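As structure tokens, the structure follows; a few thoughts come after it.
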Amino acid sequence: QEVTLTLEHFLPAQANVPRLVLDVWADKVEADSEGRIKIERYPTMQLGGTPPELIDHVQDGIADIGWTVVGYTPGRFPRTEVFELPFMVEDARAASYAFNKMYQEQMADQDFAGLHILGTWVHGPGLFHTKDPVAKPADLQGMKIRGGARLVNDLLTRVGAEPIGMPVPAVSEALSKGVLDGTTIPWEVTPAVKVSELVGNHTEFEGPGLYTLTFVLAMNEDTYASMPEDLQAVLDANSGVDFSIFAGGTQADADAPARKIAVERGNNIMTISAEQAQADWAPIVDPIYASWIADMEGKGIDGQALIDEAKKLMSEYTSDMDTWGK
Amino acid sequence: MSNLEIGILSFPFLLGLIFLRVPIGLAMFSTGFGGMWLVMGNTRLPMAQLKDLAYTTFSNYSLSIVPMFLLMGYFATLGGMSQALFKAAESFLGHRRGGVAMAAIGACAGFGAICGSSLATAATMSRVALPELKSYGYKGGFSTATLAAGGTLGILIPPSVVLVIYAILTEQNIAKLFLAAFIPGILAAIGYMIAVSIYVRRHPDAAGVREPVPMSERFQALINVWPVLLVFIAVVGGIYGGIFTPTEGAAVGALGTGIIALSSGGLTWRTLIDSFTDTARSSAMIFFIVLGAAFYNGFLARTRVPQELSAWVVDLGLSPLMVLAAILVLYLIFGCFMDSLSMILLTIPIFFPVISALDFGMSAEHVAIWFGILVLIVVEVGLITPPVGMNLFVINAMDPETPMVETYKAVLYYVVSDLVRVVLLVAFPAITLFLIP
Amino acid sequence: MQSVHRLVLGIARLMAMLGGAVLTLLILITCISILGRASNSVLHAMASAGILPGMAQGLIDAGVGAIRGDFEMVEAGMAFCIFAFLPFCTVTGGHASVDVFTNFLPRGVNRVLEVLIAALFAAVLVVIAMQLNEGFARKLNSGQTSLLLEFPIWWSYALSLFGAVMSAAVGVYVALVRLIELLTGRAIMPNAVGADH
Ligand code: NA
Ligand code: NA
């Protein structure tokens, strides 16, 4: 092959996203290039360092391509936080579509300047996985709960939990040692970090999710620029809005089988109805919108406009836009 | 030269540097840097890696346990707690040759269980136990080897970080793995006790023996231990009870022993400064090794040596047991240069599917658990097999008077005990799987 | 020369003590945080069980609980501690090494080795400090903060950079001393580990 690219991420190779999204993508790129591109995959941070460094690894070319949670580097990509707001996202495909549109419109030259972004997406609805049952915010009082991003930790603080920030691979060790009483993550990643074995209770929300996290598949700009044009075209054909919809959708579709594992273990799954969520949870978490808008204003960003734009784009999404790989 | 060749040649090169008295951390760092330079054709990549790697290694939350426990160890000595503890152990076991060494192994295992890192365990226990062992007439090499070996036991006692990682990589049940580690852990302790008794029989001068102490005196010695017990119960109970993290437990221990040392008059301005400088030396030494290992292991991953060697073993077309044996030997070799976690992360994704595909006459889950426990043990044995073993290096550095060779000679007894145990566990999978439903 | 050595040793010891003081601070923060967390749980239990609920809720509202961001403080502080510890370890020869084979080499060869190793160490420490400075510069402009306290990440990089620069300086000093020792045949710095005790 002509070009060997390294692809680095933080999850084990057989976890849902590496297996169903990243491998599928990398295999397709290899095939579309007729073997001229080879993508070497390094799961579980095998090249060294910690998950928050992934984006720097890509910027410096330590890895050519990296998949990371945007929230692991708080403050660095402020506009993406619009999708982390509570009860903002219901459909991961629609949100991934909106995220990619907004990336192209305004984030590419600002938040992500210096990086070549291949895909942008969000996971399915985030929820609580706890050792003791949680039905109302009061049940979370004093619990040590892991959050993966700045706004999630803000949310945890508001409901009275003690937020502990750590990347997802650290969760199983922390749960098994008793460092955590619970964690927020989507269903999809629970098998990979054994969460359903380590806790017995799950609290999910009907309708819009409590929160979501945003992801990017990022590439080193110089590596991209150094590739021959026809190989750049192969990458271009496999990045952008349709790939982002595929990635977000596939990740969200993996929620159901993961949830089934918890059901089969006999874990207690509590589903908060949309009315209950409005009555018990919304009054506590909704002020996050106002504080976030104020936050953004301090950075010279119009937060309300981002919220409006995200909502407009999400409602614009239709299933016939889901075309990548089909 | 291909990347693979560079990676393989880095083993003898690193070994050469270490034998030329280049500090371990520096040797690994330089080999990793030079290797990456050769692989990439320029220094851009290793240089870029250094922008964050040193900072993130030194700020690793789990590793914060090391300086805190080291300081605790110093305070425990200043407060007379270590002495009281060993006095009690001696009054019960001192009339048996090697009895205090056995007690030290027990203490190492207990400590390793909460600390999770055999390197940190070895370092902390040397701080506490080395002076005591010597004052009971134990020879330097025997003492250092005993603590190095004892430090590897903790990994079998839950909550073991490496076991959790193995469970995640192989999608196995964590609780069953913890359960499976139980009997091999007991066997390890028994094996080490036997190693001690054989060693002292062949080297009677290596360990002091005392007259048996009357029962009343024994209980008096036990009573004097209460401050240690108090701190120990707070630290261990808190960690196992899920009240605090191991790092937080280390902070509690350091504060507790500090207060006791202060109230007993052992902690003064002068000794505080000594404890700071001593903690500084040992912590910097250990963290620099960890940094070097992180750098070197990143280089190895990029050359794909662990992956390719693993694939090569698989392709040899051996019988299932021979494949298993070859894999275990490979782990012993990797154990010289890599830390346990990097080894598991790089090789399990390749070895595990292979082992799963072979027929050992057991269910897939049983094979996975059995293999996991075997790997766990062998990885730790690598840390104490001469001539290159991280545990040996660290402990020997904490005891300037003992030549490395003395540590090598004594540790062989423990290594033999380890190897016998591995052979037993390979030959009789039922030992590991006995408790598994 | 001896007075220069005493000065460097003194500075290295001062750094170690500074690191020790920060370590002590981190230990205290952690213990206070545990205490706060435990009290917080007790107060919640009291409030929900109706034992002095007003007082319990009042104390909770007053902020009795874990120290926010205690993990982050430990991480940032510990990086500083280790960088502050490095100069003392380096100047007193505290890094673990294996002397099994070099014992058989002639004295002259050993002295040359000593110089080469010290030079390599100096180079590595200088590179580490230089690159940490690069990392620091990037964090300075990126707007990246810590997750909970949301303090700029570059603060902790700056603290560590101070220690890294001192370590590099001490590394270079040790290399120079070893060279002077080789050239003049004088012993300025003891060879053995644990020289300072
Ligand atoms: Na353990
Ligand atoms: Na070894």
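In case you wondered, yes, glycine gets a Cβ from its N, Cα and C as well.
Among the features that TrEMBL reports, transmembrane segment is placed at B:12-38 (among others).
According to TrEMBL, the domain 'TRAP C4-dicarboxylate transport system permease DctM subunit' annotation covers B:14-431.
Taken from TrEMBL, the feature transmembrane segment applies to B:58-79 (among others). For the transmembrane segment (B:58-79), the list of distant contacts is 115-117, 120, 123-125, 127-128, 131, 161, 227-228, 231, 246-247, 250-251, 253-254, 256-258, 260-262, 264, 266-267, 271, 274-276, 278-279, 282-283, 286-287, 290-291: same-chain residues at least six beyond its ends, Cβ to Cβ under 8 Å.
What TrEMBL records for B:100-125 (among others) is transmembrane segment. Under 8 Å from some Cβ of the transmembrane segment (B:100-125) lie the Cβ atoms of residues 62-63, 65-66, 69-70, 72-73, 85-86, 89-90, 93-94, 132-133, 136, 138, 142-143, 146-155, 157-161, 185, 189, 192-193, 196, 200, 207, 235-236, 239-240, 246, 249-250, 282, 286, 289-290, 339-340, 380, 383, 390-391, 394-395, 398, all in the same chain and six or more residues away from its ends.
Feature annotation from TrEMBL assigns transmembrane segment to B:145-170 (among others).
According to TrEMBL, the transmembrane segment annotation covers B:177-199 (among others).
Positions annotated as transmembrane segment by TrEMBL: B:219-243 (among others). Residues 76, 79, 81-82, 84-85, 87-88, 90-92, 110, 114, 213, 249-250, 252-253, 256-257, 260 of the same chain lie 6+ residues outside the transmembrane segment (B:219-243) yet bring a C-beta within less than 8 angstroms of a C-beta in it.
Beyond the transmembrane segment (B:250-269), the same-chain residues lying 6 or more positions past its ends with a Cβ under 8 Å from any Cβ of the stretch are 64-65, 68-69, 71-72, 75-76, 78-81, 115, 227, 230-231, 234-235, 238, 244, 275. The transmembrane segment annotation in TrEMBL covers B:250-269 (among others).
If you look up TrEMBL, you'll see B:281-300 (among others) marked as transmembrane segment. Below 8 angstroms of C-beta separation, residues 7, 10, 14, 23-29, 31-33, 35-36, 39, 46, 49, 53-54, 57-58, 63, 66-67, 70, 119-120, 123, 127, 306, 337-339, 342, 346, 390, 393-394, 397-398 of the same chain, each at least six residues beyond the ends of the transmembrane segment (B:281-300), sit close to that stretch.
Here TrEMBL flags B:312-334 (among others) as transmembrane segment. Tertiary proximity for the transmembrane segment (B:312-334) is limited to same-chain residues at least six positions away from its ends with a CB under 8 Å from its CB atoms, namely 306, 343, 347, 350-351, 354-355, 358-360, 371, 374-375, 378-379, 381-382, 385, 422, 426.
Sequence annotations record features per position, and here TrEMBL assigns transmembrane segment to B:340-360 (among others). Residues 118, 155, 161-162, 165-166, 169-170, 293-294, 297, 300-301, 306-307, 310-311, 314, 320-321, 323-324, 327, 330-331, 334, 367-368, 370-371, 375, 379-380, 383, 429 of the same chain lie 6 or more positions beyond the ends of the transmembrane segment (B:340-360) yet place their CB under 8 Å from a CB of it.
Listed by sequence, the residues of this chain that lie at least six past the ends of the transmembrane segment (B:367-390) yet keep a Cβ under 8 A from its Cβ atoms are 15, 18-19, 24, 118-119, 145, 148-149, 151-152, 155-156, 160, 162-163, 166-167, 170, 172, 176-177, 180-181, 184, 188, 289, 293, 324, 327-328, 331-337, 339-340, 343-344, 348, 351-352, 355-356, 358, 360, 408, 411-412, 414-415, 418-419, 421-422, 425-426, 429, 432-433, 436. Taken from TrEMBL, the feature transmembrane segment covers B:367-390 (among others).
Look at TrEMBL and you will find B:410-436 (among others) tagged as transmembrane segment.
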Item checked: Same-chain residues at least 6 beyond the ends of the transmembrane segment (B:177-199) whose Cβ lies under 8 Å from its Cβ atoms -> 97-98, 101-102, 105-106, 109, 142, 146, 149-150, 153, 156-160, 163, 166-167, 206, 369-370, 372-373, 376-377, 410, 413-414, 416-418, 420-421, 424-425, 431-436
Note to self: I'd like to know the mean pLDDT over the domain 'TRAP C4-dicarboxylate transport system permease DctM subunit' (B:14-431).
What the structure shows: 85
